[in-house]
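Here the structure comes first, spelled out in structure tokens, and everything after it is commentary.
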Amino acid sequence: MLGAALLLGGSVLLAGAVSPNGFEDGGTTQVSALMMFLGNENSVYILDKAEANAAQVKGHPAWGAVWDIQSRTSVVQDIRTNSFCASGMHLPNGSFVSFGGNDAVGPAQAHGSQKNPDGQTGAWDSQYQDFDGRKAIRVVKPCTISDDLNAGDCAWFDDPTQLAMKKFRWYSAVEPTGDGEIVIIGGFVTGGYINRWLPNTDPTFEGGGAEPTFEFFPARDGEPQILNFLVQTSGLNAYAHTYLMPSGRMFLQANLSTVIWDFNSNQETPLPPMPNGVVRVYPASGATAMLPLTPANNYEPTMIFCGGSDMEDEMWGDYWRPRFDTWTYPASKDCQRITPEPQDGSTPAYIQDDDMPDVGRTMGQFIALPTGKYLLINGGEFGTAGYAASGTPNTPLDQMPFGVSLAAGPVFKPALYDPTAPQGKRWSQDNLTASTIPRLYHSTAVLLPDASVLIAGSNPNPDVNLNTYFPTEYRAEVYFPYYFSAPVRPSPQNVPKTLSYGGDYFNITIPGSSYTGAANDAADSATVVLVRGGFSTHGMQMGQRYLQLNNTYTVNSDSSITLHVAQLPPNPNLFQPGPALLFVNIHEVPSNGTLLIIGNGQIGKQPTAAASTLPDNTRLDNVQGGKDGTAGTNGNPSSSSGDQNGNDSEKGSSKIPLIAGLAGGAALLLAMAAITVAIVRRKRGASRGGSMAEFSRIDVPSESGLPHSTTSPWAQHNASAVALVPSVTSKEPYHDVDDNWRSSMGPVGTGAPFVGGYRDDAAGHFRDSMHSGTSSVVDPYMTGGAPQRDFYDPYNHSNAGSAVNLTQTTSNAGGLANQAASRPAQQTYPPF
């Protein structure tokens, strides 16, 4: 691998072929990377929508894959339900879960060949072999490409007859609590450009198109409640921005509205609106992130919002399409910060930040780097996310200049944001290389363990299209930030596999061979940080967080440095339980990250202890780091409380020697090349997930004797799905009680009988009900003027809500039949 980091004499050296601030070929992802997350130290997981990818799995197009970090190759993975525009999040044990999606579709995204009882949406498609994914809950434990990714414990658990949400949700938002639960918020019922009809006479349900409720995973008792914030933000509230606050409440932002929300009591506290009329949520798709939580800011969360669009309300249109030629409208350059829970008691307010450099962006995304800076990557200079398969009111489809894309002007050059720099100097593009691949709608990016960034995706098309202006993209790239110019990187030893909330500190050793210069200076500059890259989709990093652990140090006579590192602050709301990468920075050069687990690995109240008490700094004069690890002479120890945060703003990347200046350059490069070959050829099966081995695995779903309807689309067309019931061995308390899961499988709505702005019907035309306002749209919750919520569930659930039986209640031309299948007593589900 060209950009490999090399181990030599205990230090981490950078291969000479790496181009700092530049891109390298990342191979092919085989499916377009609509969603992406780091599964373990070896693997990145990729999800697409059900579409005509050439890659096949189990006799149908693949829309899932695993990308191997070492070889930069991918292996396809089977997913049963349509994961189009789903959401996703980590779980406390290191597994990942994906929520919702779209109904079953076939070629050109026409509704599946077998219909749901509404007669419109697809239950299953005979060609793509995808099932309706709008209620799906998909769970996977990360494996490697040397494993069988489509069998046993490495396969996605994706069976809505066993595990499902209570409501259909497409473009839902998700956020974990401090207990590791996941709050699932809002979404579309079926789909469209934005989540409303015009005129907007029903801002709550939009004639059955909007889902204004929230629910939990694992499911809580009772039906999902309406979230007033989603009514207030009607239309522009897909993929709402969500951040858990230290108080345990949640920050929500969508449309122009901002609130703090207590999800336990469903109470909202209004905050100021987004300034300057700039919309940040999909499809405006501004870049958003929580800035680093550090000892210096007392772990006070601040969010930044950059880019998006300030189009007028009418221009956004409705489910069918925008009412403006969006690709002509420049994206916003505006950036705003807000601290929702100020510790000084002041009133929360948005604060104007530096504008984005050069041009505005839609669909840009922030990637938190280990050094505390943020990489802004991907996006377009004009327009919005989404696509319009029917053209716009002003431009017929055959005259749209960029195919069906609603954006134009790909922004190829990244930008770097420094949140600690003085205002007016926070952005930089100096020496940054531009990509050559447009990354527009459905692009993703994620931080890798070596502190590089994987970039993939871009597919502003209803189905695979390789011959349009912005085609379906399978090429991946790896971007190497500025710190890859360093000749040597820290090589921390004794990194733990788990961290707790408070408790005794731990020690990390930094060998003298893995830094250069004076040991005291290196120790002063050292920081230990946790980075969670999150679930990447639609310009968002769901769950991304950065937290610096407090540390002191001892400089040793052998030139090694012992870092005394505090556990996390004793508040799980600051950094929710689950997987994270631990990096050590010295002189703003990060180590390779070590994947570990924060918390106890279970959903539930996390144990806490008193904040760690650290020893004083111990310095030693005349000690130097170097590649041979030799200590200096006449070291004079001294003890000092010093800067326990390890901040050293004077030791930036500009003072790092370049690879070209490394002593013994030719000989060393030859040695490095030999080691590169050895590393690339090493056996892929070694050490699954490194330190994640104990935590990243969920128990094996195995086939057993649960009877299913043999005439249902699920059983008829995927025999391997019949009787798929987990055989549970885990002792985790939140997955193995049947009654806990029944409430997540109760009555659901059928969804509105229209297809929304992205898709036309099988004949290639939109029906009149899609663009004539609300009068011609059937509200699935109304029958004879009375509210009606208990509708047929296509996944064998009874209309009785909490009934034990999985019952087919109706039949239709799609081939569904009346037949019941009883769930065995003490039915269990996968350990999440």
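Yeah, the Cβs are placed from backbone N, Cα and C, and that goes for glycine too.
Range with TrEMBL annotation region 'Disordered', chosen from 557-579, 764-786, 810-832, is 810-832. TrEMBL lists region 'Disordered' for one of the ranges 334-355, 378-399, 422-443, namely 334-355.
Below 8 angstroms of C-beta separation, residues 243, 245-247, 249, 251, 258, 260, 271-272, 274-276, 278, 291, 298, 300-308, 310, 423-427 of the same chain, each at least six residues beyond the ends of the region 'Disordered' (334-355), sit close to that stretch. Each residue of the region 'Disordered' (334-355) gets a DSSP state, and the totals for helix, strand and coil are 0 helix, 7 strand, 15 coil. Taken residue by residue, the compositional bias 'Polar residues' (607-616) breaks down under DSSP into 0 helix, 1 strand, 9 coil.
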